[in-house]
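Worksheet: one structure, shown below.
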Amino acid sequence: MENPPNDTEAKQIQPNGGKRTKGGIITMPFIIANEGFEKVASYGLLPNMIMYLIRDYRFGVAKGTNVLYMWSAASSFTPLLGAFLSDSYLGRFLTISIASLSSFLGMVLLWLTAMLPQVKPSPCDPTAAGSNCGPATASHLALLYSAFALISIGSGGIRPCSLAFGADQLDNKENPKNERVLESFFGWYYASSAVAVLIAFTGIVYIQEHLGWKIGFGVPAVLMLIAALLFVLASPLYVTRGVSKSLFTGLAQVGVAAYKKRKLSLPDHHDSVDCYYHTKDSDLKAPSHKLRFLNKACLISKREEEIGSDGFSLNSWRLCTTDKVEELKALIKVIPIWSTGIMMSINTSQSTFQVLQATSMDRRLSGHGSSFQVPAGSFGMFTIIALATWVVLYDRAVIPLASKIRGRPFRLSVKLRMGLGLFMSFLAMAVSATVESFRRNKAISQGYGNNPNAVVDFSAMWLVPQYVLHGLAEALTAIGQTEFFYTEFPKSMSSIAASLFGLGMGVASLLASVVLNAVNELTSRNGKESWVSDNINKGHYNYYYWVLAIMSFINVIYYVICSWSYGPLVDQVRNGRVNGVREEEELLDIAGKGFGKEDLSAVIKAN
């Protein structure tokens with residue numbers, strides 16, 4: 001039986017002279033601090049982890065890279081589970097609290113692998129005469145993999161819920177500037193996250209390289225403990241929204257119900273409101289016109305057999321509400337645009353090769369007269385700097401200046417931002433291929449063709465432009481996609497909206513491995529040197545980058561098609577209605593291009 005709507009959210013936001021008694025800007029330091037410390041702790045473990053696995057656990061480069069790919073994929077997939085548990089059962093506050101504890105325990109276990117000699121292979125010099133350096137045993141790996149698993153579980157709970165939980169504290173439909181407030185929050189949230197990752201790539205990496213793994217793993221554990229405590233201590237201040245039981249089950253019920261009624265005919269849409277099942281307080285009396293085959297899930301065929309005396313569905317696997325139908329439609333509709341971000345994530349996941357490039361180049365800041373070298377694992381900081389700089393400039397300079405010049409509010413549309421980001425990602429790979437061609441030619445001309453460990457007389461600062469382009473791509477596409485999902489989905493799916501980009505990163509990690517293995521196998525046939533050889537000077541990393549660049553360019557074209565096919569956004573429709581830019585009749589006429597009039601009417605009524 002369909003349950004009545006949950007009114008927990010309404011109880012958390014009480015009228016008091018028109019003001020909210022909970023939430024607001026006062027909660028932001030605690031929420032953002034929790035996310036920030038978690039990112040400093042978890043991202044600080046990534047850059048040098050391959051070296052820890054090779055030196056302390058005797059992994060080969062390929063095995064170590066595959067383990068890290070799987071860990072990265074797990075950390076990206078678990079947010080979907082975290083979003084499901086948060087939206088359907090636990091609520092965002094409890095999910096974040098449990099996840100923070102899991103991350104802390106995982107980091108403690110990882111710290112123990114550095115502290116306790118007996119939990120990993122004994123120190124051994126493989127170059128020494130008569131040495132017998134065996135691989136890590138299953139018992140050695142158990143603690144290590146358990147640490148990775150707990151950290152991934154923690155990431156799965158914090159990352160999808162933190163952003164949506166912060167938006168819950170600020171989202172106020174009665175505020176005419178609500179959309180601008182949310183857009184600013186999304187930007188500053190990502191900027192603060194970027195600063196946290198920047199600290200991880202510099203401070204934590206430096207500690208690991210100069211003070212060892214014991215302190216290098218201990219500091220993230222302490223930071224994670226602080227993150228958990230800060231978040232929990234502010235619990236009395238938070239707005240907590242009610243959960244909608246079994247969100248994914250509800251979506252599955254729509255598909256099953258639509259299939260069961262597949263032979264029924266849909267009524268005339270102009271006079272069919274009473275034919276569709278909806279809750280009493282729902283503004284959506286009839287489903288939208290797109291994906292009409294799903295409308296049969298909420299079509300009332302036999303009222304006396306499908307609806308009880310209390311007005312609720314007797315079998316949700318046969319009759320669903322119009323709201324559930326629209327939730328599934330919203331998810332299906334965004335899948336093509338979501339998939340366009342996968343290629344960008346594949347490009348940004350090539351950190352192993354970038355570290356190898358940086359290691360083989362002159363990393364001194366001021367040429368031969370400087371003794372300070374930028375750690376090879378810290379070059380990712382330029383991506384974060386570019387991302388944070390763009391967010392700040394866009395929010396504080398670009399928008400105000402453009403609005404002043406135009407004489408009215410101005411903002412780049414979310415679709416345009418996503419498209420520009422994907423194009424930047426293509427440029428990043430093209431620049432990467434060009435720079436690597438120059439580096440490789442230099443190495444060969446200097447006689448280092450057979451010496452992959454040699455440092456080429458070629459400044460590593462030439463790598464900075466590609467990192468900057470990656471940062472701009474992520475600033476435009478990652479933030480744009482998150483905002484796109486959050487605004488297009490119903491509020492009951494907001495955590496899933498926040499986790500979809502991370503899910504794309506997980507898919508990208510797996511596909512990156514597939515692409516790499518395919519290139520390695522195809523180019524190493526007949527005894528040829530692989531393009532992705534262990535010897536960076538014999539391989540052709542530049543050719544590999546060009547493959548990714550070509551794929552990225554095709555992806556830009558694919559995005560243009562997906563964006564055009566999607567039609568107008570919910571915000572575009574709502575703003576045209578609320579601000580009086582267009583009357584409903586004009587909107588309905590314009591909507592004829594693939595966005596049904598009935599669909600638009602439903603959106604207007606729902607918002």
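All positions are counted from 1 along the displayed chain.
Yeah, the Cβs are placed from backbone N, Cα and C, and that goes for glycine too.
Any TrEMBL annotation is an automated prediction that lacks curation.
Note that the structure is a prediction, hence the values are computed from the model and not measured.
According to TrEMBL, the feature region 'Disordered' maps to 1-21.
The annotation transmembrane segment is assigned in TrEMBL to 68-86 (among others). Under 8 Å from some Cβ of the transmembrane segment (68-86) lie the Cβ atoms of residues 42, 46, 49-50, 53, 92, 95, 99, 148-149, 151-153, 155-161, 164, 243, 247-248, 349, 495-496, 498-499, 502-510, 512-513, all in the same chain and six or more residues away from its ends.
The transmembrane segment annotation in TrEMBL covers 93-112 (among others).
Annotation source TrEMBL lists transmembrane segment at 142-165 (among others). Counting residues 6+ beyond its ends, the transmembrane segment (142-165) has Cβ neighbours under 8 Å at 31, 34-35, 38, 42, 45, 57, 71, 74-75, 77-83, 85-86, 92-93, 95-96, 98-107, 109-110, 112-113, 119-120, 186, 189, 224, 238, 482, 486, 494-499, 502 in the same chain.
If you look up TrEMBL, you'll see 186-207 (among others) marked as transmembrane segment. For the transmembrane segment (186-207), the list of distant contacts is 32, 35-37, 39-48, 163, 166-167, 215-216, 219-220, 375, 377-378, 380-381, 384-385, 387-388, 391-392, 394-395, 475, 478-479, 482-483, 486: same-chain residues at least six beyond its ends, Cβ to Cβ under 8 Å.
The transmembrane segment feature in TrEMBL is assigned to 219-239 (among others).
Residues or ranges marked as transmembrane segment by TrEMBL: 372-394 (among others).
Residues or ranges marked as transmembrane segment in TrEMBL: 414-435 (among others).
Residues or ranges marked as transmembrane segment in TrEMBL: 496-519 (among others). Here the transmembrane segment (496-519) has Cβ contacts under 8 Å with residues 66, 69-70, 72-77, 79-80, 82-84, 87, 159-161, 163-164, 247, 331, 334, 338-339, 341-346, 349-350, 478, 481-482, 485-486, 488-489, 530-532, 544, 547-548 of the same chain, all six or more residues outside its ends.
Residues or ranges marked as transmembrane segment in TrEMBL: 543-567 (among others).
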Residues of the parent chain within Cβ reach of the transmembrane segment (372-394), under 8 Å, 6 or more residues beyond its termini: 47-48, 187-188, 190-191, 194-195, 197-198, 201-202, 205-206, 209, 348, 351, 354-355, 358-359, 363-365, 412, 460, 463-464, 467-472, 474-476, 479
Beyond the flanks of the transmembrane segment (93-112) by 6 or more, those residues with Cβ under 8 Å of it: 34, 38, 41-42, 45, 82, 85-86, 119, 143-144, 146-158, 161-162, 165, 214, 217-218, 220-221, 224-225, 227-228, 231-232, 235, 238, 240
